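Student: Pasting a structure below so you can have a look.
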Amino acid sequence: MPRIPSPPQAGLRARAARAFRLELTHPFRHDLLGVDQVADGFEFFTDRSVVAMRVNGELKDLATIVTTTDVVEPVTIYSPDGLAILRHSTAHVLAQAVQTVNPEAKLGIGPPIADGFYYDFDVAEPFTPEDLKALDKEMSRIQRAGQRFVRRVVTDEEARAELAGEPYKLELIGLKGSDAESAEVGGEESVEVGSGELTIYDNVDPKTGETIWKDLCRGPHLPNTRMIGNGWALTRVAAAYWRGSEKNPQLQRIYGTAWPSKDELRAYQTRMEEAAKRDHRKLGVELDLFSFPDEIGSGLAVFHPKGGIIRKEIEDYMRDRLIANGYEMVNTPHITKGHLFETSQHLNWYREGMFPPMHLDEERDAEGNVTRQGQDYYLKPMNCPMHNLIFRSRGRSYRELPLRLSEFGTVYRYEKSGTLSGLTRVRGLTQDDAHIYVTEEQIRDEFARQLQFVLETLRGYGLTDFYLELSTKDPEKYVGSDESWETATETLREVAVESGLELVDDPGGAAFYGPKISVQARDAIGRTWQLSTVQLDFNQPELFELEYNAADGTRKQPAMIHRALLGSIERFFAILLEHHAGAFPVWLAPTQVVGIPVADAYGPFLDDVIAQLRARGVRAEVDHSDDRMQKKIRTHTKAKVPFQLIVGEEDASAGTVSFRFRDGTQLNGVAVDEAIERIVASIQTHELVDTAWPA
């Protein structure tokens with residue numbers, strides 16, 4: 001980077017729309033109120049859009065002193081980091097407001113999350129809607145006061161003394177201990193403590209310098225509360241166990257959202273209103289697609305006949321695509337001996353996410369003495385170990401590679417009850433799970449092929465807006481050599497870049513056995529969903545001692561690619577349901593055509609039309625109920641049936657039908673043969689038909 005010259009009046013304005021980097025030639029400290037400050041003749045000018053900075057790649061408060069050798073990059077409030085800082089600072093204001101209104105409240109944690117923030121509190125009584133109104137008022141007062149966020153480095157002993165009345169904060173300090181590297185703190189708790197020094201953030205009165213409130217926190221934060229603005233709102237209250245464990249006390253969690261402006265807050269609220277209308281849990285009941293009976297258990301879905309049709313269509317299309325692209329379909333059992341997951345190391349890394357073992361096969365004599373030792377069996381959380389056994393079941397030649405094994409395999413994950421959410425987070429799920437075994441020379445081409453296959457298949461389901469995310473090694477949770485990880489990561493990066501899609505890094509986000517690329521899809525209202533994953537794995541073939549006969553006559557170890565295109569059938573079902581708001585493309589609709597006679601006399605004519613459609617594989621029926629015609633139309637419109645064929649005297653006499661579409665538009669007098677061909681074509685081409693075709 002070129003150095004910025006430093007004449008006496010040199011300056012720089014950080015615009016939200018123009019990110020930049022600079023290398024300072026003079027040290028400076030930006031004051032906490034956001035007012036220009038001159039140090040050694042260099043003026044650094046900023047406005048409200050800059051809320052923090054990266055110094056040599058690390059996020060820092062604007063109050064941080066930098067030196068002449070530091071490389072500084074402003075962080076705007078509109079960037080992902082800037083939004084997280086805004087939301088984290090708003091969470092602090094919420095906590096201060098709670099303890100102002102209720103001094104007995106004890107603090108949990110308050111991290112930024114996607115589109116918002118939360119803070120956990122230990123209070124005697126749950127928060128009520130009236131409480132939220134009072135907190136909203138107090139937060140507004142704190143925001144207008146412009147209290148400064150001031151960072152202080154403290155020792156463990158100092159932190160314990162200052163936060164003696166906060167048991168949950170003391171627990172976090174205790175977890176950190178004197179050795180930051182051995183801390184047992186992770187996830188959202190890391191906003192409080194983690195590697196490095198302990199810090200407390202004081203909320204300071206800008207006029208008197210008095211500390212009004214404080215919290216254990218790593219930061220960074222906004223310079224002051226006034227910069228939070230008015231684009232925030234408290235959204236809901238929920239119960240949450242401390243540190244996510246049901247063994248710990250249950251706290252009260254207040255959720256909120258924060259945006260750079262009131263207009264952006266309103267836009268977000270509008271999106272949330274639309275999302276509520278599209279909520280798959282709501283639509284699943286309204287459209288009679290699936291349910292979660294209490295008698296079966298939490299997180300275990302039952303698909304009803306209409307939902308079963310949609311699911312079958314999703315799977316059938318996927319299966320046809322797999323076979324056409326060189327996959328071989330396999331099937332494996334739902335349970336297995338625990339030794340298999342010891343070999344795969346899943347018991348080392350995922351034991352807490354697995355259902356408890358079942359101790360089987362033990363035999364005893366009449367006196368109760370064990371005559372045959374039993375062993376532990378597990379519900380499988382992954383399919384890959386069993387696919388490895390299929391590969392290993394006989395000798396393999398390089399001529400067989402790439403070997404692509406695929407399965408609609410049901411797996412089981414012991415998700416905590418508080419994390420379960422409709423079909424998007426369940427305990428029993430079916431993956432379209434594939435494992436591809438390749439030579440080292442085939443890795444790059446096969447990975448590119450898989451990524452292309454994934455994108456083409458997703459487009460067939462009506463999803464078109466994608467970007468890619470590259471998840472790299474977690475330094476604390478991986479197996480294999482650093483060299484193999486680096487090689488695999490660079491291969492994935494090259495293939496991702498060549499796809500032409502946006503690529504976002506996800507540092508430390510990979511599973512323990514290899515880096516991965518995930519396909520992120522944006523739905524009809526702009527939300528992002530992680531869908532497909534393609535992951536390279538050098539570790540599993542080594543653990544299972546997989547080998548093939550190479551062209552030179554030697555025995556070599558294959559590389560392995562994990563590929564889950566839909567993620568899980570259940571979750572993908574939910575995503576499609578919300579993306580289409582229940583109005584599926586014709587090929588996925590449970591009922592594709594309903595015939596509605598204007599009077600009973602025209603029922604036989606429609607019966608013949610519907611019979612012709614059924615002969616062509618169309619899911620069609622005639623509504624012969626006693627309801628009036630207008631009620632029938634309302635019923636099937638509410639059920640989001642793509643085509644309603646209405647026949648009265650004129651149509652019956654002319655041998656035609658009249659189409660009514662989901663949006664209420666109509667196309668009248670269409671010849672029966674033409675109507676059938678149009679309907680069949682819309683199914684074959686995966687067309688999304690909501691309105692009348694051009695005449």
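Cβ atoms are placed via backbone N, Cα and C, with glycine included.
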Student: Based on Swiss-Prot, name the residue from H304, H435, H624, H636 that is recorded for the same Zn(2+) site as C384, H562.
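Tutor: Among the candidates, Swiss-Prot records only H435 at this Zn(2+) site.
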Student: Tell me, by DSSP, whether H435 (Zn(2+) binding site) is helix, strand or coil?
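Tutor: DSSP call for H435 (Zn(2+) binding site): strand.
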Student: If you take the centroid of the Cβ atoms of C384, H435, H562, the listed Zn(2+) site, which other residues of that chain have their Cβ within 8 Å of it?
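Tutor: Here the nearby residues are M382, N383, H387, N388, D433, A434, Q535, D537, Q540, M560, I561, R563.
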Student: Please work out the mean pLDDT for the residues of the domain 'TGS' (1-76).
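Tutor: Its mean pLDDT is 54.
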Student: Among C384, H435, H562, the binding-site residues in question, whose Cβ has the most other Cβ atoms within 10 Å in this structure?
Tutor: H435
